[in-house]
């Protein structure tokens with residue numbers, strides 16, 4: 001059980017610790033702001049007018065400020081790649097947290113939606129209370145123009161109200177278009193609506209500039225609840241819940257930080273020396289979001305300049321079985337590490353749509369070519385394939401370089417980091433691929449062809465599961481070449497290759513005499529994951545094994561569960577999964 005707890009902590013501990021920290025900051029910020037507006041003397045008269053709506057609206061606003069600033073940071077891909085690749089983050093556990101950037105982005109987004117509902121509901125109550133509880137004594141405190149004013153005027157005829165309504169509309173469009181169904185069915189809708197965040201942040205800046213909610217500035221001269229000699233009714237003054245009126249001698253001085261103890265004020269019969277003065281808050285939202293927003297905009301601008309400056313040179317387009325095409329490219333000063341991914345943008349296919357693809361071939365010191373494998377599964381990939389093979393038959397395997405001028409323009413954004421970069425930093429790694437999920441491991445295997453001595457990696461278990469026998473031919477030549485190289489170097493145990501054909505009508509083989517090495521490693525059926533983990537644990541006692549998965553969710557869940565399980569050999573499995581941010 002100790003080993004199981006140790007594995008769970010290795011895989012989930014840092015993630016849950018970060019989540020707990022984030023949750024604590026949100027709860028603490030909400031409670032602190034709520035308490036300030038509920039008990040703070042500077043908000044006494046405003047709280048009398050608006051009640052709990054004031055506290056909830058301001059507390060939810062503080063949470064929104066925090067998450068509106070955090071939601072942008074996980075999308076700074078260049079920053080994340082720099083932190084991972086430059087080894088600025090020394091701890092592997094901390095680096096693995098970078099793989100959760102997309103999950104954190106979604107979590108912050110959901111939090112923004114939830115607290116926006118609370119914020120809007122509280123302000124609807126506030127708008128009604130501004131109208132119903134119009135204060136004839138302190139006119140500067142009112143947002144309404146007169147008693148009984150239509151609350152809809154406050155929502156649609158003021159800057160804070162109108163910008164708030166527009167932000168709700170923008171947020172609704174962004175959140176609904178971010179669902180998986182819409183992203184898959186029509187990516188353009190997701191792209192256009194998600195880029196409305198520029199409009200959202202602009203409206204947010206205007207929203208906080210209205211100055212509707214005001215606080216009292218002269219607490220010393222006019223403590224809340226003091227006796228006003230000019231007022232006709234003092235003894236019947238009603239105090240908001242939480243405030244009490246008891247006799248006392250003197251009004252206290254403000255405490256450090258601008259807070260004042262309320263009870264001494266409200267317990268006194270202190271005579272006011274002047275009328276209360278009210279002032280709108282200085283907008284603080286821009287202090288929260290300006291840094292992350294400027295950082296993200298600067299990165300977007302830098303990526304746009306670098307990616308759109310010059311299209312890549314396509315050197316070859318290769319058609320593979322099972323609707324897979326390979327694109328090999330060259331770009332000046334392009335550098336990438338094994339396991340990274342790039343974003344392809346082809347204006348001839350779509351002016352706005354772009355897609356991430358893992359590099360299957362990385363540039364080296366001697367060869368500048370890099371490449372990706374694309375599975376044709378949607379409208380974008382179908383149009384992209386048709387443009388690539390427009391001037392040749394589908395059976396043509398390689399389009400020569402001299403036909404380059406006929407290729408569509410293709411722009412590359414990236415490369416960006418992924419968890420598979422950590423594969424070389426384990427002494428033992430288990431790489432599991434499902435179908436086209438083999439692409440990140442292809443770049444790793446290609447790198448091993450150039451030499452493995454200068455890496456920490458000393459044993460690699462490679463498991464590839466496919467439904468169609470022809471799919472193995474995507475990288476059959478690469479696997480055979482790597483196998484032969486390791487045999488020549490007397491290291492046949494460096495890479496353990498297991499191929500599984502999950503769906504078949506009978507025994508099949510990878511066609512070709514040169515693939516006999518792979519035919520001997522081809523198994524029919526699905527892997528028995530528990531036996532595989534036990535075998536690896538037994539052969540690598542007391543070691544840490546990196547588990548890397550790119551494939552269907554069923555395989556991912558099974559590997560994740562086994563990585564957190566115990567074993568009698570003291571072996572610890574650390575789970576990593578591909579997730580494009």
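From the backbone N, Cα and C atoms, a Cβ is placed for every residue, glycine too.
Note that TrEMBL annotation is computational and uncurated.
TrEMBL lists 17-38, 58-83, 104-125, 154-177, 189-208 with the feature transmembrane segment. Per TrEMBL, domain 'FAD-binding FR-type' is recorded for 299-422.
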How do the residues of the domain 'FAD-binding FR-type' (299-422) split into helix, strand and coil according to DSSP?
30 helix, 41 strand, 53 coil
Thinking of Cβ pairs under 8 Å, which stretch from 17-38, 58-83, 154-177 has the most of them with the transmembrane segment (189-208)?
154-177
Tertiary contacts of the transmembrane segment (17-38) (same chain, 6+ residues out, Cβ under 8 Å):
47, 52, 54-56, 58-63, 66-67, 70, 97, 100, 104, 107, 111, 242, 259
Please report, as numbers and ranges, the same-chain residues at least 6 past the borders of the transmembrane segment (58-83) whose CB is under 8 Å from any CB of it.
22, 25-26, 29-34, 36-37, 89, 95, 98, 101-102, 104-105, 108-109, 111-112, 115-116, 118-119, 122, 201, 204, 213, 284-285, 288-289, 291-293, 295-296, 299, 302-303, 340, 414-417, 581
Mean pLDDT for the domain 'FAD-binding FR-type' (299-422), as a whole number?
82
